[in-house]
Structures are given as structure tokens and as C-alpha cells.
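The transmembrane segment annotation in TrEMBL covers 5-23, 43-64, 76-92, 98-115, 131-151, 163-180, 187-203, 209-229.
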Amino acid sequence: MPRFFLMTITFIVSLILTFSSYFMKINDHSFLEILNRFPVIFAPFNVSYMIWIVVYMLLGYWLVMNLIKTSIKQTVLFSSICIMQALAIVIWHHELFIMSIISTFVLVLYLFKLYKTYPLSNNSLTGRMPFSVYLAWITFSLMTNVSFTLTSYQWNGLGLSDPLWAVILLTMGATIALHIRFHYFDIIYPSVFIWSYIGVALHNGFDELLVSTAALFLCGVLLVGILFIKKNPANQK
């Protein structure tokens, strides 16, 4: 019963705060109002954030199907993830952007720890899949958060242009996604990055053609990785 209560309450709090941040105002601003305050190049089209609906549907299904099956470690990690998600939103809406990066990074670490509690072969809806989607999106969001914060502080880019830095970030993200694809036998993680990169291309359009072209090219690279990179999950030790 305590495990059921803890996971359910933290999930509900996380869900309410996440959707409130987009559809309502917290501290007089919505999430997207703050994000769109600066001309951030490494950011997705606003519609891309609808992926949160998918994330919470998957998490909700996972929670219902696993309430009495989760280990103590998974229970603690899941509840910690929900708490960090809620905390990251509150920090963002109070415009503590450096702290927001730190909290999002911690969230990524917790997600990865929970993600790794499942064997490579378990990509089911009641297993690793919900956390593949969540982890990929939060990893991308962390990169967006860093880009936004640097832009807000008018970082000079060490002499490199903003579009070039955006391409560097896109390449880093694609590299991470391909690493996960190969080493964790996961096609969901890079698929979320494809969704995110299409959003980046739509966000920039013809205004930043280099960034849009790079984003779409890397979508192709990720698709090739999904289709052709193979690793037998039975090799997991």
C-alpha cells in the first residue's frame, strides 16, 4: 500500500504540473511563453511538445500494470523521477535557468537508472518502452534548455555562430541516440529524436536553412540506424 500510494501521488503531481505549465500559467507565464522569449535556434516547433501526451499515457499505463510488480528500486526511482519532473517545472517557471539545467540533468540520470533496470529484450509497454520515450525527450529537452540559457545570457559562442552551435548540438544528440540504439537495442529512443529534429526543422524553416537541413539530414541518419544497426539483446550479460 505505501508503494502504491507513493507512486500514484507523485505521478499525479507530475502530470498536473507538466500539463499546467503548457496550458495554464505558473508564476504568470506558460512554459512556451518563456521559451519563445528569445530567438533560440536549437528548439522544436511548439506542436512538438504534444509528445507529453504520449509520455504520460505510456507512464500511466505502465503504472497501472506495474503497481504491484515493481521492485523497491524501481518504485524509488519512479517516484524520484516524478518529483524531479515537478521540481524542474517549478524552477523553470521561476526563471532559475541554471538550476533548471541541473534539475533536468538529474532527471535524465534518474530516468537512465530506471531504464537500465530492464533487460535489453524488454521493449514492451509494461517494460522499458515508456522510459525510452521519456528519456529521449528529456535528453533532447536538456539540450534545448542549455541552448536557451546560453542565449538568454547572450553567450558569444566562442567565436562560432549560433547556427553552427545548433548543428553541433544536433550532431551530439544524434550520436547519443545511435549509441543507445546499438548498445541498448532500442529503436524507440532514436525515433523520439527524429520527432524532435523534425520539430527543429519546422521551427527554423528557411530562416536558418543550415540548421533545418542538418536536422533533416540527421533524421535520415537516425532512420538508417534504426533500420540497419543490429545487436542481439541475448548478448546482454
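Glycine is no exception: its Cβ is also placed from the backbone N, Cα and C atoms.
TrEMBL annotations: computationally assigned, not manually curated.
Among the recorded stretches 43-64, 76-92, 98-115, 163-180, 209-229, the one sharing the largest number of Cβ pairs closer than 8 Å with the transmembrane segment (187-203) is 209-229. Residues 30-32, 49, 52, 56, 59-60, 63, 67, 70, 75, 78-79, 81-83, 85-86, 89-90, 92-93 of the same chain lie 6+ residues outside the transmembrane segment (5-23) yet bring a C-beta within less than 8 angstroms of a C-beta in it. Residues 41-42, 163-164, 166-167, 170-171, 173-174, 177-178, 181-182, 187, 190-191, 193-194, 197-198, 200-201 of the same chain, all 6+ positions outside the transmembrane segment (209-229), place their C-beta atoms under 8 angstroms from a C-beta of that stretch.
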